[in-house]
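Features reported for this protein in Swiss-Prot:
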type     : residues    : note
COMPBIAS : 31-66       : compositional bias 'Low complexity'
DISULFID : C1023-C1216 : disulfide bond
CARBOHYD : N25         : N-linked glycosylation site
CARBOHYD : N30         : N-linked glycosylation site
CARBOHYD : N80         : N-linked glycosylation site
CARBOHYD : N142        : N-linked glycosylation site
CARBOHYD : N413        : N-linked glycosylation site
CARBOHYD : N848        : N-linked glycosylation site
CARBOHYD : N1201       : N-linked glycosylation site
CARBOHYD : N1258       : N-linked glycosylation site
CARBOHYD : N1420       : N-linked glycosylation site
REGION   : 24-66       : region 'Disordered'
SIGNAL   : 1-17        : signal peptide
TOPO_DOM : 18-546      : topological domain 'Lumenal'
TOPO_DOM : 568-675     : topological domain 'Cytoplasmic'
TOPO_DOM : 697-704     : topological domain 'Lumenal'
TOPO_DOM : 726-823     : topological domain 'Cytoplasmic'
TOPO_DOM : 845-1451    : topological domain 'Lumenal'
TOPO_DOM : 1473-1551   : topological domain 'Cytoplasmic'
TRANSMEM : 547-567     : transmembrane segment
TRANSMEM : 676-696     : transmembrane segment
TRANSMEM : 705-725     : transmembrane segment
TRANSMEM : 824-844     : transmembrane segment
TRANSMEM : 1452-1472   : transmembrane segment
Amino acid sequence: MSKRVLIIAVVVYLVFTTQNQITGNHTTINSSSPSTTEASSTPTVSRTPQTTTTSTAVSTTITATTTPTASWTTQSQYFNKTTQHHWREETMISRNPTVLDRQSRASSVRELLNTKFLMLLGFIPKGEVNHLENACNREGKNCTELILKERIARFFSETEKESCYNTYLEKHLRSVSPEVSLTPYRVLGLREDILLKEIDRRIIRFETDSQRVTCLSASLLKPDVFIREQRIDAKPSNGPKIVPVDSVACMNLEANVDVRSNKLVIQSLMTTVKISLKNCKVVVNSRQCIHQQTGSGVIKVPKFEKQQGGTWSSYIAGVYTATIDLLDENNQNCKLFTECIVKGRELVKGQSELKSFNIEVLLPRVMKTRRKLLAVTDGSTECNSGTQLIEGKSIEVHKQDIGGPGKKLTICNGTSVLDVPLDEGHGCYTINVITSKRACRPKNSKLQCSIDKELKPCDSGKCLSISQKGAGHIKVSRGKTILITECKEHCQIPVPTGKGDIMVDCSGGRQHYLEVNIVDIHCPNTKFLGGIMLYFCRMSSRPTVALLLGIWIGCGYILTCIFSFLLYHLILFFANCIKQCRKKGERLGEICVKCEQQTVNLMDQELHDLNCNFNLCPYCCNRMSDEGMSRHVGKCPKRLERLNEIELYLTTSECLCLSVCYQLLISVGIFLKRTTWLVVLLVLLGLAISPVQGAPTEVSNVKQDGDYSICYFIFGCLVTAALLLKVKRTNSNGIVVVVDSFGRCPYCNEFTDSLFEEVLHDTLCSLCVCPFCEKQALDLVTLEEHVKECYKVATRKDIFKILGRKFTNALVRREKLFTTGLQLFINKTNVVVFALIMCFLLLLTGHNASAFDSGDLPDGVWEESSQLVKSCTQFCYIEEDVCYCPAEDGVGRKLLFFNGLQNSVKRLSDSHKLLTSVSIDAPWGRINVESTWKPTLAASNIAMSWSSTDIKGEKVILSGRSTSIIKLKEKTGVMWKLVGSGLASEKKKPFRFPIMDFAQVYNSVFQYITGDRLLSEWPKAVCTGDCPHRCGCQTSTCMAKECHTQECVSTHMVLGIGTGCTCCGMDVERPFNKYLGVKWSTEYLRTEVLVCVEVTEEERHCEIVEAGTRFNIGPITITISDPQNIGSKLPESLMTVQEIDDSNFVDIMHVGNVISADNSCRLQSCTHGSAVTTRFTALTALIKDDHSSGLNLAVLDPKVNSSWLSWEGCDMDYYCNVGDWPTCTYTGVVTQKLREFLKLDQHRKRLHTTLSFSLKKNLSKRSHTSVRLEGKTVTRMEVKVTALIEVDGMELHSKTIRLSGIRLTGLKCSGCFSCTSGISCSVNAKLTSPDEFTLHLRSTSPNVVVAETSIIARKGPSATTSRFKVFSVRDTKKICFEVVEREYCKDCTPDELTTCTGVELEPTKDILLEHRGTIVQHQNDTCKSKIDCWSNSISSFASGIGDFFKHYIGSIAVGVLGTVLPFALLILFFIYGDKMLWPFKVFCRPCRRCCRKNEGYNKLAEEEELRDIIRKFSKSGELINKDAKDKRTLARLFMSDNPKLKKEKKLSEIA
């Protein structure tokens, strides 16, 4: 009885205790700390239907403070508490099976089992797990410690791919799918699909209340990381106690801080050397297992025991990677202690002993702001894009069958270290250290960058100041200039050169679209000449020509004189050079026998021969004795002068061309100078006042379209000449002989070739007789069928041509009438007439057409534009420049905030930036502003023609249609002026059709990744047996060669010679260094166009056009065709290229360049010497060696080894080293492709020169990558669309309307001058009659212009407030506006039609604006006729001159007198010269005497002297005169005092 009572009491006690424990267990699970964010973040649901638990653990979290000196008492208490709980639960289940179901019992068994497994793996201290075997027996399982050891060994050793395991680590086939007892969870580094596929099969989670470890089986991941456990026995030595993390130089530790992601990555190369943590949270990746460890204690790594040959051996993970998040609060006081292993003395060559000393690794500390790190030079920032690749270190265990490039480190028996690889046979293991890439995983995926609107001064001038959270690349592009810069939280980037808006791509993918605030008024030299240049711009459409005209009037003749002087001496210089060159080949003159003097040249010798024989001096012509001749000639005072004359003559006569030019300058030089000045003056004047061929609308850096009217005229003349070849003129009686052209018979529809044949057809065919065979037909239908099949057509046609030519010529000669022949020609040559008409029309069209271009092609934000168009629908209403739409959830949001015109009132509705356009007609010229106000407009005005006009009361009802072909460029468009007929009062009602943007959309297919890869080789040798397969290559890109006999004495450890094998391998060590390229194949899909239709500010609609769209706004309907003439497209193959800086930081999203890849090698078809010999078909291949981001199963991805490398023409060999492993050599191998890849980037066609890309992003998702390309053509072959506008029943006010009571009040203006944002004005307008009228304003100042906007004035007690834009080119203190329609308000006073206000305009700031509105340009109206064009240009020129005189002189009359009178006197002086001094000679006798005196003693000009010298010689250059009767008289020709030379003046100095 007592036994039963005792048993019942025990059972009741156990039941009560177990229920409390279960409740506490559930509470513990639900309240588990979510601190394991690195390992898990996905909520999990337990199998219990009524209990929902959140599992936040992914990896083992060791929360207990465990140190190597932990007492056994603490461990015993821990195990007793755990086993007691499970034993009580087990007892309760055995006595009362209905308390928990089978799942609860299985969960209890699993917790006991996991505790045992973690003990055997070394993650928790060893101890007894009570009642585990009994619990397993009830489930039919064997859970003895020996069995569990064997299962763990098999789990980490057996590499059969089909081996799977359950929670008891029992092996089963993959086809058997056991029930997954736990819901899937996230594991750092593992994809969800792999986890769902392998959980509880080849991925096992060992989990207890406080620890979680996830391990991979050997069947899933090859267990190369496990090595025989070796205790490191290093000799103690002295060393530093505290070492900064960036100064650690230990053999057992590789530690580095990634400043871009705030991660401290610790690579342990000797896992038996303990690393102790204090107050840390670390994620440990030991390749086969991953766990998280929190608190203090030694970093745990998996190890197990394996029975081999009857003995148990301990295996441990040879390497592991520990990652510490420096921004985690749990790591604020983290400390790291370890034993630093370094090399000691060298035992033998290549082998050294180990020494050690204890150190504390000083970690970077995070400030409270969590923005900067102490003890880090650069500062630590978080990476902010998942497309970034960060460089780091990776370590692997290399066993005998594994090889690859990298730095090798071999540890033998825990006592020595070698630099060569050795395997377990020598008691060693080898660690390989390589450089790897890891992908950034930002915590915040919505990081953005902010841009300071004011430009900052920097070394390169002006820079953009950009701030962002984290580190990454920022791309700034402007036109064809692209800058990619690495930015860490804050950076300054120079403003790109060129024209156009600025696109900024942040690291996270956010795009900013900026414009420069400085307005370009297209009035040149305003910075230097100020307001004066504005008057020249108002005078002429060619202000530079007008400025040159003024300069030419004042300084033109001086310039012509200077040019003539330079030309004169330049010709003389070239003549001298030619003479000197020819003189070297000529012989000198001989010695004169008579005077005994050496003659200079042949002409001098001839002069001596003609004079010395008569005892005459050849230079002064004086007669003397023979003795006197020899004494006098050499010292004659005239000798040098005569020799200079001869030299000058020879100089000017050597080259005929130069001689002609020289004589021409001398004879007509003054006339040429005056004529040149006058002609240039007239040309400049004509150009200044001539009308322009439509104002050019291109930005200055874009090549403009020229005037093709001359080309059209020449083409028309050629066509006409070709058709007029049939008209031949002869001299027979002066008659024009006409050769007939083609005609057609109206009866038989047969073509006729002559007048004779036509008359024959008219005569016979009317009688139903065939003109060829003369057969009778029943009717005309039968005749027509017969003529088509008549067999005599060909022969009779030839006869008719001959007869027709004779008949026509005879007819014309007989009639003697040219008119008759001309009429025949006109009647019979309709083709020629049509051609002449077409040529004439082309000529007129070429003169009056206007371009629709509106500037350069800056990059567009296509996504924002598309969203904007889709958001602002017809259900929204428009106020000012904001589109308000009903909110879906009653919450307001604003896209593309528009500061300048944004209403400050917050509305509970969606608002979008309005798609407006401002058109400007500036009196100083056209305006061109690089803006982001989409769409800006080049208002090319087209007048509408009306097909019907009806009058109903004071209304005019108009209907009509028009068509326009528009060049497809973003931020451009066309504007129709709906000009009313003569009955309408409105002069114009603009109808705008702006094109916001357009893009060519492509479909892309990824081909491969390539780069300027770096190759590296490694040797491999074994003492006995065969070499490993492919020398241990683990990839498909390596090359290997082996020699089956080991002929080298490798080391002192190899005992035999010729008993082993040697091999060499070579593989890619770094896939890229300076260049990363991705090849794509593209397919053109479509061209999307964002267009808008705008009648007024209240009537606007936008749409994306693909296959034609129709808009309806009131009475106006517009139809748009498909895009046409799409000439420039992307090639079928292209390559995106990224240049990598010295930091080796890569962001695959920011593409720097796009080049054509049509001629590049295709997959597996290149030689080793080409640039793209290395191909990786998946991005996973770039990060396959990374272990700092969690478990890496990239090696299991088949795409990783689908890479390819060409080894054609390459070979490898080796040579022996005494006492060392052999050295590998190679031939034909290019180790790095930097030079080849650089040539590829430079020589291939760069596509951004022909297409402007609005989006160039490489995107990656898992192992797949894609590119988003949206571009537009920038070549001359531009895309076009056709727009058809139809107006049906548009109402305008008639001219009979009378306005009254117009009031303009409350004018307010504010803004800046010479800036893109301009001046914003508001005014209140009302009237008394009619009920509503559209008014327009214009400025009274020429420096201020008003946008072409309408002011709505309505009848009522309160005025209507209207807002409009104003632009000022200069600072002004007062702005006045007047009503354009003032002529319709007869009763209004000038004060009522004019309104003014004082303003304080801000100066232009050097800032950048984002999403702000402004103008691009406005094209001037075309004129109706040439006379009208010229009259308008002349009046504009005159008015500009008048404004200039008023402003700077004060009066037009004074300005005219002060300018025209000197100009007229200057012209008269040029025409009459010194003859204008005749009145002074008559009335002033002293002046007359002075003039006579000067005339007598005037020296000859240099030109006249040369004319006299040349006159003394004949054309052949001989010293002979036809009038000379004696040879002695020849000498007198050179005598200046000869009385026979009449009035020849004395020669001056000879040039």
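Positions of Cβ are set from backbone N, Cα and C atoms, glycine also.
Source: prediction; values computed, not measured.
Secondary structure from DSSP puts C1216 (disulfide bond) in a beta strand.
For the recorded site, C1023 (disulfide bond), the DSSP three-state label reads coil. The two recorded residues, C1023 (disulfide bond) and N142 (N-linked glycosylation site), have Cα atoms 44 Å apart. The disulfide-bonded residues in question are C1023, C1216, and the one with the fewest Cβ neighbours inside 10 Å is C1216.
Under 8 Å, Cβ to Cβ, and six or more positions away along its own chain, N413 (N-linked glycosylation site) finds Q230, G427, C428. N142 (N-linked glycosylation site) sits 56 Å from C1216 (disulfide bond), taking the C-alpha atoms as the reference points. N142 (N-linked glycosylation site) has a Cβ environment of 13 other Cβ atoms inside 10 Å. Taken together, the residues of the topological domain 'Lumenal' (845-1451) have an average pLDDT of 67.
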